[in-house]
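For reference, the structure discussed in these notes is given below.
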């Protein structure tokens, strides 16, 4: 068994090498010059920007805002609460939409560990940059205010700054990088499933996780790689076994409308029962629930079935959307925003100000990350190909040594079993 595993792994490694060589050759013309890379569909990149707006609004410090007067009448309380609830409950849709965009193309891609390792390294460089910059921002704000956090929280934040991936500074990039590492094997396993078995798996997952509100029935579906595997299984079935479905713009509209009615309708009912504060993570604000999946899938179907548009400017801006998430979910953002909205009076004025501040954070983070992208272009990323090659070679050596160790352990175990049987 272990010897077979060793041979299979070497075969997969060889296929990755051949595939990488094929990709390099495919980009070369007969004169040995690189062809221009294919420009991404800007419709999809605009969807990426929209998804990040949803996430930013969800992570705005609504709890610090006194948006409702608890002594007012029912209608006076319900109005601003419902408004805040509808504004702030798009995070689940945004998370689902952001991942569905990636899964939409990953499931049709010829999977390569080398390519996924290079993607992980590309993400890790961004995480290091922003973790250091935002930690420096926290230290500056604390110094200006004359406050010092306790030693343990400060040490924990410092550790996450040094190891943003391993210490789970941000759940989304950590989970996504882990997902990329298992994606080739996961895709191969799903490809081996017959259509009926794959359909049964999807139905079972949706029955368990799609219809139950996350805040009441968590079912251990946390924000982790488990969520991405769940969504990827669903997207693979849609892309592989429902070709007419993904090419039908009418179905995209139906999915979008159904998801909005289910999500907003359930949120309306919940807020009518509890008008004193906005309620989160019921159906609409959970990326695992059917309402978020339908909205995300409907938007992606509409974007991919529309006439393709290609804009280098839009694509360049959209490449910085992850930075917006990194900024708005870091403690530094709360240090800046919470004091600005905590003193606002109740009502729509404070809500409007917070929305404006959230959108300002969105724009500033985009611009700063475009500057980072430019800086990396003439510094760290100038030799990105040797970096990727070294990481792939190092990972391959580690895997080879691990498989060899397992082989030796298997041989020792077999010899021990033979000796025991002889005695």
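Backbone N, Cα and C atoms are what each Cβ position is placed from, and that goes for glycine too.
Feature annotation (TrEMBL): of 7-31, 82-106, the stretch labelled transmembrane segment is 82-106. Annotated by TrEMBL as transmembrane segment, the relevant range among 127-144, 145-162 is 127-144. Among the listed stretches 82-106, 169-187, 199-216, 282-304, 348-368, the one sharing the most Cβ pairs under 8 Å with the transmembrane segment (46-62) is 82-106. Here the transmembrane segment (222-240) has Cβ contacts under 8 Å with residues 95-96, 99-100, 103-104, 106-108, 171-172, 175-176, 178-179, 182-183, 186-187, 190-191, 198-199, 201-202, 205-206, 209, 246, 287-288, 293, 297 of the same chain, all six or more residues outside its ends. Sequence-distant contacts of the transmembrane segment (127-144) (same chain, at least 6 residues past either end, Cβ-Cβ under 8 Å): 157-158, 160-162, 164-165, 169-170, 173, 323, 326-327, 330-332, 335-336, 372, 376. Using a cut-off of 8 Å between Cβ atoms, the transmembrane segment (316-342) and the transmembrane segment (169-187) share at least three residue pairs, counting only pairs 6 or more apart in sequence.
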